[in-house]
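Some notes on the structure that comes next.
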Amino acid sequence: MLFLGAGELGKEVAIELMRLGAWVCAADSYAGAPAQQVAHEYRALDMANAAELQALFDEIKPDIIVPEVEAIATDVLAGTAAAGAQVVPSAEIAAICMDRERLRVLAHEELGLPTTPYRFAGSLEELRAGASEVGYPCVVKPVMSSSGHGQSVVRSADAIDAAWTEAQEGRRAADEGDVSRVIVEALAPLERELTVLTVSSSAGIVTCAPIGQRQESGDYRESWQPATEPDGEAERARDIARTAVEGLVAKAQAAGETGWGVFGVELFVLTDGSILFNEVSPRPHDTGMVTMASQRLSEFALHARAILGLPITPEHVSLTIPAGSVAASHAIVVAGDGEVEFTDVAAALAEPGTDLRIFAKPEVHGHRRMAVALAVGESEADARAKAGLVADALTITVE
């Protein structure tokens, strides 16, 4: 089992796989990444470099490859899948989900899922025309980027040139010189966002209870499950997620791959109550860390079992918290430059119904997610407050 990316989510998946007897090698761009600390072996390399990635595959000869990040040479991944390695969930799905154009065409134009109005553009002139068609305000993104890089909100035609420049500078492989296509989409009247974890396994596709979330600057800060929703919203959200994953898995199986694993389906809930498809992460989702406190099996255990061909049923994704209660997670983001030390852990965990995961990342330069607090409460507000108390009680030193 070879992990491409060895962050905190990969660490939890690696642990679950090792509990089931798997041998794990964890690769990342640096040594000492969280999953490398628990794996049998590790490697450090530039996974977006085709030659380095091919050399890694030639050395390890993995049976199963688990991509945990997006910055991967997908052509090499596809070649290895064609040669017989199992890519999770598939090389084809990884390529589609990295490309907003391919994913949006599949979701809206092939599967008929509701989305914001959008256009694609390969030049500044096409972007101007597309923005005029979808209307202002609108959002401009590179078709290939992650974590909000290259994204901007455009409120008038005067800002289009700057948005084009931002997209080109923030796209994946921006130093390679090619011009990136962009997507421009209408800025929806957003009320909130949901994640629906959806599992494809040898037993078919099942969905988890929707997860609510709060973001800052495009990054996850809190999540809670089950999300508080009006009647019928949860099933509508789960139906959209199931349809999206069914479409992706069909592509994988047509290419001779399994399509097994956990998918994080991201949805928009608008002020009028309608639900729109946004994107899919073909791996465990950061908002899904809350499942370590809420479900029969966490998203990491679900991913591990699905990867190994074990069946996942509705019982495995059921909530195990008391009826009417809510679980919450709170990301602990550290700012500074140097090594990080956590103290006052006992005080942080003094609140009943709470837990903590410290990721043991070696250092921070700027801002970095270093831990997550977990809590179960009688309501969404109670659970979120308890998780926040855990985070606030920690003393964090950067040296």
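Residue 1 is the first one shown; counting continues down the chain.
Backbone N, Cα and C atoms are what each Cβ position is placed from, and that goes for glycine too.
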Identity of the N(1)-(5-phospho-beta-D-ribosyl)glycinamide-site residue among GLU68, GLU70, GLU222, GLU229 (reference: GLU8, LEU9, ASP286, LYS361, ARG368, ARG369, source: Swiss-Prot): GLU68
Spatial neighbours of ARG100 (ATP binding site), counting only the binding-site residues GLU68, GLU266, GLU279, ASP286, ARG369 and Cα distances within 10 Å: GLU279
Neighbourhood of GLU68 (N(1)-(5-phospho-beta-D-ribosyl)glycinamide binding site) by C-beta distance under 8 A, where only residues 6 or more apart in the same chain count: PHE3, LEU4, GLY5, ALA6, GLY7, LEU9, GLY10, VAL13, ALA35, ARG283
DSSP-derived structure type at SER146 (ATP binding site), helix or strand or else coil: coil
Protein Cβ atoms within 10 Å of ARG368 (N(1)-(5-phospho-beta-D-ribosyl)glycinamide binding site), excluding its own: 16
